[in-house]
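Taken verbatim from TrEMBL:
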type: TRANSMEM; residues: 200-219; note: transmembrane segment
type: TRANSMEM; residues: 270-289; note: transmembrane segment
type: TRANSMEM; residues: 335-354; note: transmembrane segment
type: TRANSMEM; residues: 361-388; note: transmembrane segment
type: TRANSMEM; residues: 394-416; note: transmembrane segment
type: TRANSMEM; residues: 437-461; note: transmembrane segment
type: TRANSMEM; residues: 467-492; note: transmembrane segment
Amino acid sequence: MVLKVFFPSCCSSADSGILIGRWISEQNSAVILAVVHFPFIPVQVKQYLGEVQRVTKVSVSVLGSWSNSKQEKEESLSEFLEDLGTIFCHEPWIQISKEGDSKFWSCSTLQKHSKNPQEEEIILVYYDQRKVMLSHLHPPLDTAGQRAEDASKLSAIFDTVARSQVLFMTDRYDEGPIKLTHWQSDGVEASIIVELLKQASVPACMLLTFLLSLVSGVCRSRVLKFWPLSFLWSKLSTCEQLGHRLQHLQVISSNKKAQNQTQLMRKANIFVSLLIDVALGILLMSWLYRKNRIGHLADTLIPVADHVAEELQDLLQWLMGAPAGLKMNRALDQVLGRFFLYHIHLWISYIHLLSPFIEMILWYVGLSACLGLTVALCILSDIIALLTFHIYCFYVYGARLYCLKIYGLSSLWRLFRGKKWNVLRQRVDSCSYDLDQLFIGTLLFTILLFLLPTTALYYLVFTLLRLLVVIVQGLIHLLVDLIDSLPLYSLILRLCRSYRLAAGVKFKVLEQQDGKPLRLLMQINPLSYGGVVQMYRLPTYSCYPRDSWASLCKKLFLGELIYPWKHKGDKQN
């Protein structure tokens with residue numbers, strides 16, 4: 001049987017003493033956590049380990065002895081270390097010794113209480129205690145069979161070191177009867193700034209929680225549930241983004257402690273995302289208010305709106321003639337063209353009516369960038385939706401008229417075949433029609449069929465314009481989703497301290513010699529960047545329709561409406 005001993009590389013130069021750690025009988029492995037130096041009193045060591053075991057819930061015990069023969073040259077030391085096995089009573093008793101200036105170590109086991117002692121092959125595995133304790137093991141998502149078993153074994157090693165953090169809080173400067181060597185034995189790793197921030201975060205979180213509770217109470221009030229406030233809250237992407245950010249603030253300001261590493265990383269990712277979002281928003285706001293860019297933008301907006309209206313008028317004049325040499329139904333063509341031209345005239349009057357207030361509106365809208373770049377982008381999307389509302393109206397009119405003719409033609413086509421649609425059974429049944437019904441159906445079918453090209457051309461043109469607006473809004477919302485969902489803290493952690501996000505381990509052979517234990521070095525394999533994004537991606541909402549291409553083509557052919565938003569019940573969790 002193979003005995004695996006995981007030895008911390010920070011203890012390779014420690015003074016002679018005893019090894020304390022955890023024995024994992026299922027894997028026949030020993031995880032060494034620290035070395036207790038001489039002199040010590042065995043009773044005090046047992047009491048100390050009992051307290052550590054009570055706090056950490058890890059079965060920590062004395063596993064063996066450690067001899068650094070370069071520092072200790074007494075001949076009686078080896079016999080004394082063997083006698084310690086009778087005091088602490090652990091089977092097997094592990095003896096590790098460093099042989100002077102030699103690069104090889106000797107490792108053996110004693111089984112005094114076993115009737116049939118067996119010679120075991122020993123593998124000595126070195127590991128970086130600090131990296132293993134601070135890392136979080138992420139097993140593969142498709143673990144199955146042997147890979148799942150290997151992942152569970154590694155998790156036991158990582159969990160043992162991580163849960164023994166209390167053991168590493170004692171350094172050599174502490175006045176106590178027990179002196180330990182571990183990765184923090186030269187001094188506990190800490191930061192005064194971090195500790196001050198921890199102390200200051202408690203009242204700040206309490207104040208923020210109180211303010212957020214007031215805002216949440218206002219948002220849940222009955223006033224916002226009445227029309228049209230409820231309609232605007234569910235349709236405007238700015239309101240959706242503010243509600244999304246409000247949920248994020250409630251998560252990070254919660255006094256409830258994170259239960260596991262995943263929740264802790266989620267809070268950190270949300271905090272960094274909010275911080276960067278607000279920083280980018282303040283930069284955008286400072287750029288807008290510098291050199292009177294708000295005034296220049298307001299002066300440019302009215303001419304651009306007039307130019308768009310003129311282009312639409314030219315397009316309608318082209319459709320009212322003979323577009324691309326097509327012969328349209330002149331009467332219907334003139335009616336539709338004049339109807340849409342009248343709407344454009346109303347839109348131009350509406351824009352010029354608001355022109356004195358546009359600069360003031362943009363000035364106050366620019367202040368919203370301090371809430372974050374995503375809020376400013378959502379406001380930009382809503383402004384585009386309002387400025388292109390006439391295009392949306394043209395699209396709705398054309399789509400409704402085209403849809404009416406398509407469904408009318410399909411119903412009359414079933415009449416020719418002696419069929420009808422059974423509303424109760426939701427199927428097509430046979431039906432007998434008399435001569436008058438067939439005559440009227442033929443007249444209506446002919447009228448609708450010859451009017452269809454004119455309606456279809458208007459529908460096609462306004463659908464293309466509508467799709468152009470939806471694509472622009474979709475790109476804006478994709479950028480908002482990217483800022484909202486990207487786990488920036490995890491990516492920064494992967495870039496700077498890749499060992500914190502461990503996907504597995506690899507073993508490097510250090511030395512191998514007959515009669516000596518095999519010495520391996522355990523190195524941490526970091527999680528890939530794609531794995532980091534997949535595992536820690538934050539939930540977002542989307543205002544952009546995510547239909548498949550087949551569903552989108554079907555909607556366009558049947559004349560169904562394409563909304564610039566998703567309904568409130570279709571939020572992406």
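The backbone N, Cα and C atoms fix where each Cβ goes, glycine too.
Worth saying up front: this structure is predicted, and the values here are computed from it rather than measured.
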Interface present between the transmembrane segment (467-492) and the transmembrane segment (437-461) (three or more C-beta pairs under 8 A): no
Cβ-Cβ under 8 Å with the transmembrane segment (270-289): same-chain residues at least 6 beyond its ends: 245, 248-249, 251-252, 297, 366-367, 369-376, 483-484, 486-489, 492, 538
Close approaches to the transmembrane segment (467-492) from elsewhere in its chain (Cβ under 8 angstroms; 6 or more beyond its ends): 237, 241, 244, 265, 268-269, 271-273, 276-277, 280, 373-374, 377-378, 380-381, 384-385, 388, 391-392, 501, 529, 532-533, 535-540, 542-545, 562, 564
